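*Asks:* One structure, as structure tokens, below. Some questions next.
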Amino acid sequence: MMPVWCEIRLDYLIDNYNEIKKCVGEQVELMPIIKADAYGHGAIECAKTLVQNGAKRFAVARVDEGIQLRNAGIRCPILILGYISNDEIRELLEWDLTPTVYHIDFARELSKQTAKTVKIHIKLDTGMGRLGFRGIKESVKSIEDIYTMDNLVVEGIYSHFATSDEKDKSYSLSQMESFEEVLKLLTKRRIDIPTKHLSNSAAIMDLPTSQYNIVRPGIILYGMYPSEEVNKEKISLKPVKSFKTRIANLKKIYSGDSVSYGRKYIAEDERLIATLSVGYADGYSRLLSNKGEVLIRGQRAKIVGRICMDQCMVDVTHISQVKVNDEVLLYGPGLPIEELAEKMGTINYEVSCMISPRVPKLYYWKKDFINMDKNLYS
């Protein structure tokens, strides 16, 4: 009996994948984003399931994430979205990973180190202020230079929205205009890059004209909406992950008794307190101290006192027949992750990615147990 775990519904993952496909249409390919261990859902199992259900390519943030997928048997194209050092080029080539090129010096070094053709995707900074060639004319000039370099095949070009999850789409539309202007100038120079992608999760839902021939679904794959400002009616999503723990102990406390470090909770009368086998080392944030809630036997119970590294306490006075080893839902269907994010002053993305490697993931297809990833610091 595990003290803390995540349940991952792979059938819900595919339900979400199919909903996204319906939204964009048959002519647009999906490139699932499975960086950061698939947003805390387990990149390997998610990738395998997506391949079995039609996914033809993936994107991750780093070279080591791509290598992890290759070692797990994923053979389709994998785009590296982030930074690649010159020292990583050898591994990039060895594992047949597709780099993002956003600096001319990296393009030169890549061309220098490879003896065979390598497909690349070029990134434009149209307003995110992060990675990418910046400036319309400057970007076109850099791309022209890249086309003269040995062994580099420009397969794709893309950019990233900064505010597509906001109700006001004016800045996103200006980014689209910049992206289009670069494409038009390239066409005038007889440069036609076959793969073009701009849409992230929010743009898939709210900006259909940004979809080109590939879209990059991230958080919506896992059943979470990018924000409260997107059109949720566009796609029906199912939360893929449930984060759970168990009651480790029950005890009565009385008026004046305190709970946890710093005595930040002091009972005003007799209370029944449950100790849960989860703490901030598992990914249950200390920011939820004295304000988070969990679900036990279908009823909500409030966190009392500070959340500890491995444990936390809740008030279960009002829950009848509660007992040690009862299952506790920290978030998932019935207790939205967005509620935790709001109380923590952050976003659902971060909360989902906080799961510690010591928390095992149990994978299900409907009610059938599929596999377990017990990744304890491995």
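Each Cβ is built from the backbone N, Cα and C atoms, and glycine gets one as well.
Remember, TrEMBL labels are computer predictions, not curated facts.
For reference, TrEMBL lists these features for the protein:
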type: MOD_RES; residues: LYS35; note: N6-(pyridoxal phosphate)lysine
type: ACT_SITE; residues: LYS35; note: active site, proton acceptor
type: BINDING; residues: ARG130, MET309; note: substrate binding site
type: DOMAIN; residues: 240-364; note: domain 'Alanine racemase C-terminal'
type: ACT_SITE; residues: TYR261; note: active site, proton acceptor
*Asks:* Between the Cα atoms of TYR261 (active site, proton acceptor) and MET309 (substrate binding site), find the distance and write it as a whole number of Å.
*Replies:* 11
*Asks:* What counts of helix, strand and coil residues does DSSP assign across the domain 'Alanine racemase C-terminal' (240-364)?
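*Replies:* Residue counts for the domain 'Alanine racemase C-terminal' (240-364) by secondary structure: 23 helix, 48 strand, 54 coil.
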*Asks:* Here the recorded positions are LYS35, ARG130; which one has the lowest number of other Cβ atoms no more than 10 Å from its Cβ?
*Replies:* ARG130
*Asks:* Write out the long-range same-chain contacts of MET309 (substrate binding site), meaning residues 6 or more apart in sequence whose Cβ is under 8 Å from its Cβ.
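*Replies:* In sequence order, GLY279, TYR280, ALA281 meet the Cβ cut-off.
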*Asks:* Do me a favour and check the Cα-Cα span between the residue listed as 'N6-(pyridoxal phosphate)lysine' and ARG130 (substrate binding site); whole Å is fine.
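*Replies:* Approximately 17 Å lies between the Cα of the residue listed as 'N6-(pyridoxal phosphate)lysine' and that of ARG130 (substrate binding site).
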*Asks:* Give the number of CB atoms, excluding that of TYR261 (active site, proton acceptor) itself, located within 10 Å of its CB.
*Replies:* 12
